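Visitor: Got these off Swiss-Prot a minute ago, pasting:
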BINDING   Y19, W20, G21, K22, R74, S153, G154, S155, A156, C157, R158, T209  (R)-5-diphosphomevalonate binding site
Amino acid sequence: MTVYTASVTAPVNIATLKYWGKRDTKLNLPTNSSISVTLSQDDLRTLTSAATAPEFERDTLWLNGEPHSIDNERTQNCLRDLRQLRKEMESKDASLPTLSQWKLHIVSENNFPTAAGLASSAAGFAALVSAIAKLYQLPQSTSEISRIARKGSGSACRSLFGGYVAWEMGKAEDGHDSMAVQIADSSDWPQMKACVLVVSDIKKDVSSTQGMQLTVATSELFKERIEHVVPKRFEVMRKAIVEKDFATFAKETMMDSNSFHATCLDSFPPIFYMNDTSKRIISWCHTINQFYGETIVAYTFDAGPNAVLYYLAENESKLFAFIYKLFGSVPGWDKKFTTEQLEAFNHQFESSNFTARELDLELQKDVARVILTQVGSGPQETNESLIDAKTGLPKE
């Protein structure tokens with residue numbers, strides 16, 4: 001049996017200008033454009049291997065070691081579009097193997113909790129679509145492939161690029177102009193770093209799909225957001241990224257996170273994605289910025305309680321004097337800093353005259369893990385396969 005395979009890793013992206021609301025639920029067309037930062041795959045990634053052979057009996061998906069349904073409409077839409085593009089290639093070149101007619105085996109693994117507010121669906125669909133596109137050797141551009149990923153999970157289209165990415169909402173009813181484009185590569189502003197504070201890795205009560213449609217249907221504040229707030233902020237944030245203006249980027253990121261969660265609260269019944277710990281982290285960030293007299297850290301929260309803190313490498317010692325004091329006892333610090341660096345963080349805190357009350361030491365018991373990462377690249381083809389090339393089945 002000849003088995004054709006391809007494997008790809010894809011990154012998590014965290015929106016700094018949030019996507020929330022669909023104007024077309026089948027095509028995943030958004031009510032507003034959005035912007036995100038792609039995070040390094042050294043720390044957060046999905047690895048997906050795709051295989052095909054004429055002997056395969058049915059399309060099959062394994063996710064994190066378990067068989068998983070592949071029949072849902074979103075996945076089927078992606079597979080159909082990818083097969084159609086491959087079929088068009090085969091019709092023009094009779095020498096090509098007819099991969100589009102064969103069934104697929106797809107094996108995928110995350111190195112972070114699924115459905116925990118860490119954009120796992122974005123990385124997952126970006127990896128799935130990219131792996132099959134590589135398997136089929138499709139010639140389309142990354143932006144064109146991002147349109148297919150969008151049908152799986154809206155924010156997945158942004159994980160097709162590294163660096164700083166815009167998902168342009170488009171205007172066409174068929175969605176052909178709703179796709180991801182890169183604002184800047186990770187190498188253009190490599191100093192951007194991120195610290196994820198995992199408050200909870202439990203699956204959220206209200207899914208993003210359910211939540212955003214409730215907001216669209218019931219929130220008056222949402223209408224103001226998509227018509228006035230987001231279009232203006234989109235241009236300001238894009239300019240800040242191009243000009244590497246962290247102060248503006250940080251302010252707009254925090255304000256947009258607040259705006260997004262305000263529309264969730266304005267939905268009826270209201271949606272609570274953040275919890276008390278999330279709110280205390282927000283207050284803590286503002287306290288740190290006020291302490292230094294400049295904006296050195298920005299927070300953002302997706303549809304969940306976990307915080308993503310953005311900061312520049314040049315301010316790492318200032319920020320981590322406090323972060324390490326608070327969260328140094330929770331998992332996630334391995335091999336990220338030397339013993340000397342950690343001791344320096346402690347020394348800087350001790351000399352800061354910052355009080356325990358201002359620091360909110362109680363926060364340390366409410367954060368389960370820290371993930372220390374930075375801006376990173378888009379999907380990468382890899383030789384690390386999850387599929388046995390002889391059998392076409394997941395490796396044991």
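A Cβ is built for glycine as well, from the same backbone N, Cα and C atoms used for every other residue.
Keep in mind that this is a model prediction, so the values were computed, not measured.
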Visitor: If you count Cβ atoms within 10 Å of the Cβ of G21 ((R)-5-diphosphomevalonate binding site), leaving out that atom itself, what do you get?
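Guide: Cβ-Cβ neighbours of G21 ((R)-5-diphosphomevalonate binding site) within 10 Å number 23.
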Visitor: Please list, in sequence order, the residues in the chain of Y19 ((R)-5-diphosphomevalonate binding site) that are at least six apart in sequence and whose C-beta is under 8 Å away from its C-beta.
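Guide: Those within reach of Y19 ((R)-5-diphosphomevalonate binding site), by Cβ under 8 Å and sequence separation of 6 or more, are P30, N32, S34, G154, S155, W167.
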Visitor: Let's check the environment of A156 ((R)-5-diphosphomevalonate binding site): how many other CB atoms sit within 10 Å of its CB?
Guide: 31
Visitor: Return the residue, from the listed binding-site residues R74, R158, with the maximum count of other C-beta atoms within 10 angstroms of its C-beta.
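Guide: Per the Cβ count within 10 Å, the most buried is R158.
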Visitor: Helix, strand or coil by DSSP: which one applies to G21 ((R)-5-diphosphomevalonate binding site)?
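Guide: It is coil.
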